[in-house]
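Trainee: To start, I am sharing the structure in question, which I have written as structure tokens.
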Amino acid sequence: MRQKGGLVTMPFIIANEAFEKVASYGLVPNMILYLIQDYRMGLTQGQNLIFFWSAATNFSPLVGALVSDSYLGRYLTIAIASIFSFLGMSILWLTAMIPQARPGPCDPQTQACKSTSTSQYLVLLCSFILLSIGAGGIRPCSMAFGADQIDNKENPMNQKMLERFFGWYYASAAVALLLAYSGIVYIQEHFGWKLGFGVPTVLMSLSAFLFFLASSLYIKQKVKTNLLSSFMQVTALSYKNRKLQLPSVDSNMWYSLTDSECHRPTDKLRFMNKACIIKNPEQIGPNNIALNPSNICTVDQVEALKALIRVLPLWSTSIMMSINISQVSFGLLQAQTMDRHLIGDFKIPAGSFIMFGIGTIFIWIVLYDRIIIPLASKVRGKPVHLGTKERMGIGLICSFMSMIVSAIVEHIRRTKAIEQGFKDNPDGLVNMSAYWLVFQHVLGGLAQAFTAVAQTEFCYSEFPKSMASIASAMFGLGTAFANLLASAILSTVNNITSKGGKESWTSTNVNKGHYERYYCLLAIMSAVNLLYFIVCSWAYGPCVEQKKGFGLENIEVSGSLEEELLQVSRPREKDDEGDPIKELSEARSALPDYSNLHNRVAHETENGGEFSKSIVSKA
């Protein structure tokens with residue numbers, strides 16, 4: 001029988017989420033038009049509904065991650081979620097297929113329009129809820145499930161392989177979004193909602209089919225612990241044992257299982273260490289098993305909760321970036337009033353301009369992995385690696401710049417519209433190319449390419465393996481909070497700026513509103529968030545990749561030293577006669593060489609002696 005897992009499983013796992021993304025994300029750009037035209041909602045009402053739907057879609061992955069890591073496992077969670085996504089897409093398609101599911105057209109003589117009934121509204125909400133549940137199961141587990149197939153802690157290049165996997169995983173997701181924002185949006189705009197929702201429904205059925213097709217090939221990790229109850233237990237015991245004195249770090253009073261990843265707790269959040277103190281040796285039975293597990297936690301349990309709590313401040317810095325990226329509807333209304341011709345009579349749909357940002361993600365990941373990093377390494381004379389925190393910071397700067405550019409472009413567009421007499425006509429075509437909007441989308445794409453990939457890699461590295469699905473869900477959770485905050489910001493701005501009968505900054509009439517002021521407000525908030533990130537990054541201290549070093553490829557060594565490293569790492573041939581005395585003598589004579597090699601490596605590595613000791617000990 002062939003070994004399970006490996007690269008052969010990647011096409012099925014990636015295709016599952018890719019088709020889900022093409023199907024679900026393809027609904028977003030034009031959804032505001034569907035709600036305004038077919039369900040008669042205003043811009044603020046429709047946009048808020050989209051914000052709430054997006055928030056539910058991005059919040060549900062945390063629930064899915066907890067269910068996966070605590071109860072069902074990643075495989076079963078993805079399988080069930082794929083079915084939910086298909087059902088949600090099918091119901092949304094039926095709202096377009098069945099006239100009774102929508103309010104219906106207005107009376108051409110009286111111009112009277114029926115309002116959306118409660119049952120029609122509930123059917124629409126039902127489709128959104130099912131889609132959110134499906135996304136909640138697929139998105140946090142798919143990446144972690146893929147990492148399970150290739151993750152090998154014994155491989156010294158494991159960190160590099162995971163970074164490359166995460167990068168290419170996001171690249172494939174970017175291609176899926178490109179198809180969604182170009183192909184699906186084009187079908188909706190030119191062939192109507194029936195076909196525009198029908199194609200995503202077919203894609204969702206393919207998503208589920210391909211995932212189930214490779215079922216026998218997957219590595220299916222078993223659930224070892226209930227994370228939610230584990231976190232609650234650590235919290236309760238930390239409080240219960242609050243009066244206990246903490247033993248020294250080197251003490252044998254810390255409880256850990258034989259196969260634990262950690263046998264001593266860290267000094268961070270030290271008050272939580274009291275949950276894993278062995279108060280009485282009689283608590284521990286044979287085989288190092290606690291006689292009453294509810295009265296003591298393992299060091300692993302404590303460190304898992306610590307890792308989650310410590311990551312939260314840095315994780316929260318990406319929320320502002322997600323708020324900026326979520327302003328899709330404003331860009332759609334802007335693009336509709338501008339010249340979108342590309343070649344001849346062909347013009348890009350207004351809802352497809354977001355694909356420039358998604359395309360930037362794909363292009364940048366390819367350039368970064370295949371050209372920029374190898375070229376920089378060649379120039380420096382040793383491998384170059386941008387840390388996760390550095391990449392997150394660069395992404396936040398790009399997000400800030402995207403709002404500045406958005407404000408400038410909108411100011412120019414609005415000025416031209418008023419000069420051409422379109423102030424009261426939001427449908428008037430302004431004499432300005434819509435491709436000026438590309439710059440803000442490119443900057444937004446760079447922000448995601450840096451921050452989203454880096455934050456996911458950061459969480460995956462900082463969390464224990466049992467929390468891999470939660471690590472994958474963290475960025476989506478931030479996006480969920482961003483959607484809720486974006487809705488609150490939008491409603492607040494609309495209410496404040498429309499007082500006294502004034503035209504709101506976020507008016508449905510794009511020429512009467514002041515979208516540029518709204519963008520400036522987001523830019524100011526982004527600048528404050530950037531300062532907040534700097535403080536959080538400093539307070540967090542070194543992350544795992546900085547403590548352990550990035551890998552053997554980070555060692556800058558001379559040619560002769562590199563040869564020695566290879567020599568000591570190479571297995572020695574066994575003596576034909578198997579003389580144990582001779583072997584012991586040879587081993588003892590080799591000790592000075594190892595000691596000398598250790599000193600030389602310690603001197604020449606930028607990570608210092610601790611890293612070099614691990615290399616020599618493995619050799």
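In case you wondered, yes, glycine gets a Cβ from its N, Cα and C as well.
Remember, TrEMBL labels are computer predictions, not curated facts.
The structure displayed is predicted, hence computed values, not measured ones.
Quick paste of what TrEMBL says about this protein:
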TRANSMEM  49-67  transmembrane segment
TRANSMEM  73-94  transmembrane segment
TRANSMEM  121-147  transmembrane segment
TRANSMEM  167-187  transmembrane segment
TRANSMEM  199-219  transmembrane segment
TRANSMEM  353-373  transmembrane segment
TRANSMEM  393-412  transmembrane segment
TRANSMEM  433-454  transmembrane segment
TRANSMEM  474-497  transmembrane segment
TRANSMEM  518-540  transmembrane segment
Trainee: Sequence gap of 6 or more, Cβ distance under 8 Å, 3 or more pairs: do the transmembrane segment (474-497) and the transmembrane segment (73-94) meet that?
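Mentor: Result for the transmembrane segment (474-497) with the transmembrane segment (73-94) is no.
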Trainee: Same chain, outside the transmembrane segment (393-412) by at least 6, Cβ under 8 Å from its Cβ: which residues?
Mentor: 317-318, 320-321, 324-325, 327, 334, 386, 432, 436-437, 439-441, 443-444, 446-452, 454, 515-517, 519-520, 522-523, 526-527, 529-530, 533-534, 537
Trainee: Under 8 Å for C-beta pairs, could you tell me which stretch among 73-94, 353-373, 433-454 has the largest tally with the transmembrane segment (49-67)?
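Mentor: It is 73-94 that shares the most Cβ pairs under 8 Å with the transmembrane segment (49-67).
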Trainee: Based on Cβ pairs under 8 Å, which of the stretches 73-94, 121-147, 199-219, 353-373, 518-540 lies most in contact with the transmembrane segment (167-187)?
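Mentor: Selected stretch: 353-373, with the most Cβ pairs under 8 Å.
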Trainee: Same chain only, please: residues at least 6 beyond the ends of the transmembrane segment (199-219) with a C-beta under 8 Å from a C-beta of the stretch. Say none if there are none.
Mentor: 4-5, 8-9, 12-13, 15-20, 22-24, 26-27, 75, 78-79, 82-83, 85-86, 89-90, 92-93, 145, 148-149, 183-184, 187
Trainee: Short question: which residues 6 or more past the ends of the transmembrane segment (353-373) have a Cβ under 8 Å from it?
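Mentor: Tertiary neighbours of the transmembrane segment (353-373) are 29, 164, 167-168, 170-171, 174-175, 177-178, 181-182, 325, 328, 331-332, 335, 383-385, 434, 437-438, 441-442, 444-446, 448-449, 453.
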